[in-house]
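Trainee: Reproduced below are the annotations present in Swiss-Prot:
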- Glu176, Arg220, Ser364, Arg368: L-aspartate binding site (BINDING)
- Arg220, Ala221, Glu222, Arg228, His229, Leu230, Glu361, Gly409, Ala410, Asp411, Arg412: ATP binding site (BINDING)
- Glu361: Mg(2+) 3 binding site (BINDING)
- Glu361, Ser364: Mg(2+) 2 binding site (BINDING)
- 198-201: region 'Aspartate' (REGION)
- Pro91: site 'Important for tRNA non-discrimination' (SITE)
Amino acid sequence: MYIIADWRRTHYSEQVIPEMDGQEVILMGWVHSIRALGKLAFIILRDREGLIQMVVPKQKVDEETFELAKKLGKEDVITIRGKVVANEKAPKGFEVIPMEIRILNKADAPLPLDPSEKVPAEIDTRLDRRFLDIRRPKIQAIFKIRSEMLKSIRKTFSEEGFIEVNTPKLVASATEGGTELFPISYFEKEAFLGQSPQLYKQMMMAGGFDKVFEIAQIFRAEEHNTRRHLNEAISIDTEMSFVNEKDAMAMLEKVVHNCYTDIEYNRPSEIETLELNFEIPEKTFPKVTYSEAVDVAVSKGVEIEWGEDLSRAAEKAIGDEMGGLYFITEWPTQTRPFYTLPDENDNKICKAFDLMYKELEISSGAQRIHKYDSLVQNIAKRGMNPDSFETYLEAFRYGMPPHAGWGLGADRFTMILTNQENIRECVLFPRDRQRLTP
């Protein structure tokens, strides 16, 4: 007992099939459920890939194995060496009869949370015991799809010639001149947790990298307490040289479309576990201008003036009209960050876009200002001091190419892919205004 010794897993649960009749296997995992019925015991073993049934008939196993099986408790960690026996009446067309069972660790009882999903629990209770919560097949399915999404994105960027980079998360000032920053003590100075890699991405365009991406944490000291906001999030950021905002949107369409196709192909069992109506979007998404979006909101009774950022009610009205994935383009310049390039024919609007899914914004991007003088003027016009951006601005004095890019929220994108209503379902250990543990 409690010793793995020389045993090593030969198969995960989903790899065992009826055609393996008579074959010996070694399985490892947790006791999902146990039933002892006289001279027969049924054990459902759960591992990362699913559930598998083991039958322990007293007349076919030695007495020690049978008695050990009866003493197992829920969530005990075990390994078994047994034989696959084809059986048409069994759930998957086969059973495994253990020849030997080893208990690697016992679980305390009662459990503070039921991983079998038979006893429902509120999300805060589940997050407090996240290590148990993520044993649930549906929760594991969410994070397997998330993993597949990130894998797909890296694959697409690699195929398109992007370089993966890592930018600092300890910064001296705000990226966008805002106040949504977490201050920290940095030796004799004050520093902040990075809210965006934006300025660093642009500096790399001056360095001649042409196309870069980063997948990393961002931190925002927003006091929102909603189902779609977190204070620590994963952002998928990219920047490209010698392109405009339309090229950036096309790249975003390709990244998102490829995610859907890769998930459908590689994660069918997780799609089934979550009972998703998984539809692959078209390769290009519908586009509406900000002005058109405002008209839609007003037509549905939402009070909004041109030039205002979209309210929650406006987003809901527009999302109900559009449905699915779509872009909102040609935003009012005053609503976007200082580095966003105004339209050459009408400086009241700029070359910015948001990618929406129904009422949820999942990505924001734009073509950037690449001329030094224009950027300095725009910073000053916004009431900020250009001296605060000295190292950033210097990159624009020595040959900055035209460039554009975007940031895609990995957590919100996971919400869409897995049809979750709360972003906390899509983050292993979420950080919001109230939650700093576990």
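Note: Cβ is positioned from N, Cα and C throughout, glycine not excepted.
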Trainee: State the mean pLDDT for the region 'Aspartate' (198-201).
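Mentor: Value for the region 'Aspartate' (198-201), mean pLDDT as a whole number: 97.
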Trainee: For the C-alpha pair, I'd like the distance in angstrom between Ser364 (L-aspartate binding site) and Arg412 (ATP binding site), rounded off.
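Mentor: Per the Cα atoms, Ser364 (L-aspartate binding site) and Arg412 (ATP binding site) stand 12 Å apart.
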Trainee: On a C-alpha basis, identify the one among Pro91, Arg220, Arg368 that is nearest to Ala410 (ATP binding site); the candidates are the recorded positions.
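Mentor: Sorting the recorded positions by distance from Ala410 (ATP binding site), the top entry is Arg220.
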Trainee: What is the three-state DSSP composition of the region 'Aspartate' (198-201), stated as helix, strand and coil residue counts?
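Mentor: Residue counts in helix, strand and coil order: 4 helix, 0 strand, 0 coil.
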Trainee: Using the alpha carbons only, what distance in Å do you get between Glu361 (ATP binding site) and Arg220 (L-aspartate binding site) once rounded?
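Mentor: That separation, Cα to Cα, works out to 16 Å.
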Trainee: If I restrict to non-local contacts, at least six residues apart, and a C-beta distance under 8 angstroms, what lies near Arg368 (L-aspartate binding site) in its own chain?
Mentor: Gln202, Tyr339, Thr340, Leu341, His403, Ala404, Gly405
Trainee: To the nearest whole angstrom, state the Cα distance for the pair His229 (ATP binding site) and Arg220 (L-aspartate binding site).
Mentor: 10
Trainee: Within 10 Å of each Cβ, count the other Cβ atoms and name the one among the binding-site residues Arg220, His229, Arg412 with the highest count.
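Mentor: Buried the deepest by this measure is Arg412.
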Trainee: Reduced to three states, what secondary structure does DSSP give Arg368 (L-aspartate binding site)?
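Mentor: Its secondary structure by DSSP: strand.
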Trainee: Among all the protein chains here, how many other CB atoms are within 10 A of the CB of Glu222 (ATP binding site)?
Mentor: 15
Trainee: Whole-number Å only: compute the distance from the Cα of Arg220 (L-aspartate binding site) to the Cα of Arg412 (ATP binding site).
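Mentor: Counting only the Cα atoms, the answer is 15 Å.
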